[in-house]
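S.K.: According to Swiss-Prot:
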ACT_SITE  H275  active site, proton acceptor
BINDING   H318, E324, H354  Fe cation binding site
BINDING   Y333, H354  homogentisate binding site
Amino acid sequence: MYLQGFGNYHHSEAVKGALPPNQNSPQHCSLGLYAEQLSGTSFTRPRHNNLRSWLYRILPTVTQGTYYPYEFNIMQPLVDELSPNAMRWSPLYNSSQIKCDFVEGLFHIAGSPLVNAYTYYCNHSMSDKYFANNDGELLFVPYTGEIHLHTEFGKLMLSSGSIAVIPRGVKFKVEVISKEAKGYLCENSGNPLTLPQLGPIGANGLANPRHFQYPVAAFENSVGEHTIICKNQKKLWFTVCNHSPLNVVAWHGNYAPYCYDLSLFNTINTVSFDHPDPSIFTVLTSESEIPGVSNLDFVIFPPRWMVAEHTFRPPYFHRNYMNELMGLVYGEYDAKKEGFIPGGISIHNCMTPHGPDYESYEIAASQDLKPNYINSLAFMFETKDYWQVTEQAYRHPSRQIDYLNCWQGFKIEFSQ
């Protein structure tokens, strides 16, 4: 069961009477609870941008204890001098016999001033271990397996073909439902993700607000040792407290985790000719101070009909002002016949040329242009700043050092 509607002002209580009926912070909360506000923006942001929630919890967060440096860090050094070459990786993870939870299985791929990209692998649930990111919100894009995200606000269920966003500062733990789970993760330290403007598309289309789902209140009333790991100022810290931090019995507000089924995306595409720009596939965006230039765009290339006439239908050859990190959830990407499979990654930074490989080009340039259904799901994390690759990703054996060879079959066919 979920609450529906992107950015709505929701309210939920796991125990009847836990929510104050007429105010935020009564002198004495019912059921012996404590009132606590969680702010996602400054107090004086305009009303339509203002994010906050009131939580009614068994113990306030100030009782969590002292944080100390954690034994390892997920943030990794970035390559100092990065070439303008296109880069691609095969999937980083194989199945592991070693127990690995979500935090232990994070792999830092690349970063920019406001955004970081990771992959995750986990085959072991976080039972009495919790995570919070004070540096930004987290966007989950799974490509195999099923996980449940137990948060301060309630539970989200997540599997391939869906996404979830955990806001900055919200504590959660990952329960692995399948044998193992793998996915992509994007950390956004800019403005919170929101729905893109639709412009001439009109009032409807792309990701519809009604399809975003928020959790109903659920809580853990457990005592004993509970470890909280917190990412703060690019470092990991930990504390051990004597109770679960997921002790919120009721909440109301518009700052909360949410999930979304990507199959509900209302795809807009051409019904005449030419390949539209990929911005029409934007699901969520983090706006910058420059209109139309985003800190982060989350873009998908979902299952869709291709019907353009007298047109080269795959994505065109391109040199972009923006910086692209792509992944594949399932299927075969229509611009890459080989080498780009689910779990793979490609990075094409500003002005780095990219486009269909030779084999894909040859097929698309000569095929009979009947209506064709593409049954795949690729995505892109697009940023205004360069993706700086981490040293560990650059040296990883899954990096395809021969990636550029996929374009070497093209020949000069010009004739006068």
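The backbone N, Cα and C atoms fix where each Cβ goes, glycine too.
Because the structure is a prediction, the values reported are computed rather than measured.
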S.K.: Measuring Cα to Cα, how many angstrom lie between Y333 (homogentisate binding site) and H354 (Fe cation binding site)?
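M.R.: Rounded to a whole number, the Cα-Cα distance is 14 Å.
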S.K.: What's the CA to CA span in angstrom from E324 (Fe cation binding site) over to the residue listed as 'active site, proton acceptor'?
M.R.: 18
S.K.: Do me a favour and check the Cα-Cα span between H354 (Fe cation binding site) and H275 (active site, proton acceptor); whole Å is fine.
M.R.: 15
S.K.: Using CB atoms and a 10 A radius, I'd like the single residue among the recorded positions H275, H318, H354 with the highest neighbour count.
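M.R.: By the 10 Å Cβ neighbour count, H354 comes out on top.
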S.K.: When you average the Cβ positions of H318, E324, H354 for the Fe cation site, which other residues in that chain have a Cβ within 8 Å of that mean position?
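M.R.: Everything else in range on the chain: A86, P315, R319, N320, H348, T352, P353, G355.
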S.K.: Tell me the Cα distance separating H275 (active site, proton acceptor) from H318 (Fe cation binding site), rounded to the nearest angstrom.
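M.R.: So the Cα of H275 (active site, proton acceptor) lies 12 Å away from that of H318 (Fe cation binding site).
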S.K.: According to DSSP, which kind of secondary structure is H275 (active site, proton acceptor) found in, if we only use helix, strand and coil?
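M.R.: It is coil.
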S.K.: Given a 10 Å Cβ-Cβ cut-off, pick out the one of the binding-site residues E324, Y333 that has the most other Cβ atoms nearby.
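M.R.: Sorting the candidates by Cβ neighbours within 10 Å, the top entry is Y333.
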S.K.: Return one of helix, strand or coil for Y333 (homogentisate binding site), based on DSSP.
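M.R.: DSSP call for Y333 (homogentisate binding site): coil, neither helix nor strand.
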S.K.: Secondary structure at E324 (Fe cation binding site) (DSSP, helix/strand/coil)?
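M.R.: For E324 (Fe cation binding site) - judged by DSSP and reduced to three states - the answer is strand.
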